[in-house]
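Annotated ATP binding site per Swiss-Prot: ARG108, LYS148, 153-159, 183-186, GLU191, HIS214, 266-267, in sequence order. If you look up Swiss-Prot, you'll see 112-296 marked as domain 'ATP-grasp', on the strength of sequence analysis.
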Amino acid sequence: MNFNKLKFGATIGIIGGGQLGKMMAQSAQKMGYKVAVLDPAEDCPCRYVAHEFIQAKYDDEKALNQLGQKCDVITYEFENISAQQLKLLCEKYNIPQGYQAIQLLQDRLTEKETLKSAGTKVVPFISVKESKDIDKAIETLGYPFIVKTRFGGYDGKGQVLINNEKDLQEGIKLIETSECVAEKYLNIKKEVSLTVTRGNNNQITYFPLQENEHRNQILFKTIVPARIDKIAEAKEQVNKIIQSIHFIGTFTVEFFIDSNNQLYVNEIAPRPHNSGHYSIEACDYSQFDTHILAVTGQSLPNSIELLKPAVMMNLLGKDLDLLENEFNEHPEWHLHIYGKSERKDSRKMGHMTVLTNDVNQTEQDMYAKFEGSN
């Protein structure tokens, strides 16, 4: 590796001190960089692996400038920072990711319109600004469809499935609280995602196609490589996206595959993503390694080698309650506990990756463990 752009000992600032920030910091440190993190939570996971911690809200202009003055480059671990605040920071400090992607992707309507104009295949959608617009959604999309808030929402929050007329009132309640987008509900055969890193010189590195399973709108499991031949098609869609949206660093595009085997772009995460965590053990570079290489101006690997097929399981609070006593009996479970102070049933507390020669058998073993049947 050649680190002739940002020298050893330089400081990387991270806005956001959750598990993604923590894993970014760990990659940065093994490459010889120092890390400063800003987060409002006194006990955020990244604090305990950073060289310097600034406790402040994400819209605290003074604290953000303090971070900028201390750091040679700034990155962010999530997309809920104010795009306008980020734009102002970009004018003064080195933030390779920029603010444009955040500005587009914070608004689901703008995201979908941008994806559509880029020529990607997206699920049919319509803007619903007020409750009377729901009639137009029924006429345009037909049942079933999903109503989602334009702003905010993650892990399934801020959305309502409308199966029939009986569900309309729940959708109207959501529309009355905020502007929304309605989109056609697909009969989904499989969910996949593609994690990508783009460097300053427009170099692009692709990770293997990831096959995902969600439960209650939270990622439950990722299998790599995906058990469906869609990698070329997914790359083609990503290549269209990066012509329209500025990305530097690691990002992930999530896709639906419907019952007719059609691939649709669902949404984009403009930073490292939960479905890419397997790469820490299963690939020669992790998604965090390539992210740090990109934002520090280094060359990216030409390709990512999958060292071994893998099954990655999210660990929610309820999973820790179920499995905590078994961890020491399974050294093949590569365990990552994020260090969050409060355990909650549906909160992401960690993840684990199992390298395997038989993903189907390992998948069944994990189902048995996580569903408490073995």
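The backbone N, Cα and C atoms fix where each Cβ goes, and this holds for glycine too.
Source: prediction; values computed, not measured.
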Arithmetic mean of per-residue pLDDT over the domain 'ATP-grasp' (112-296): 95
Three-class DSSP secondary structure - LEU186 (ATP binding site): coil
Within the chain of ASN266 (ATP binding site), which residues six or more apart in sequence place their C-beta under 8 angstroms from its C-beta? VAL123, GLU191, GLU254, PHE255, PHE256
Using DSSP with the three-state reduction, classify ASN266 (ATP binding site) as helix, strand or coil. strand
Which of ARG108, LYS157 has the fewest nearby Cβ atoms, counting only those within 10 Å, among these binding-site residues? LYS157
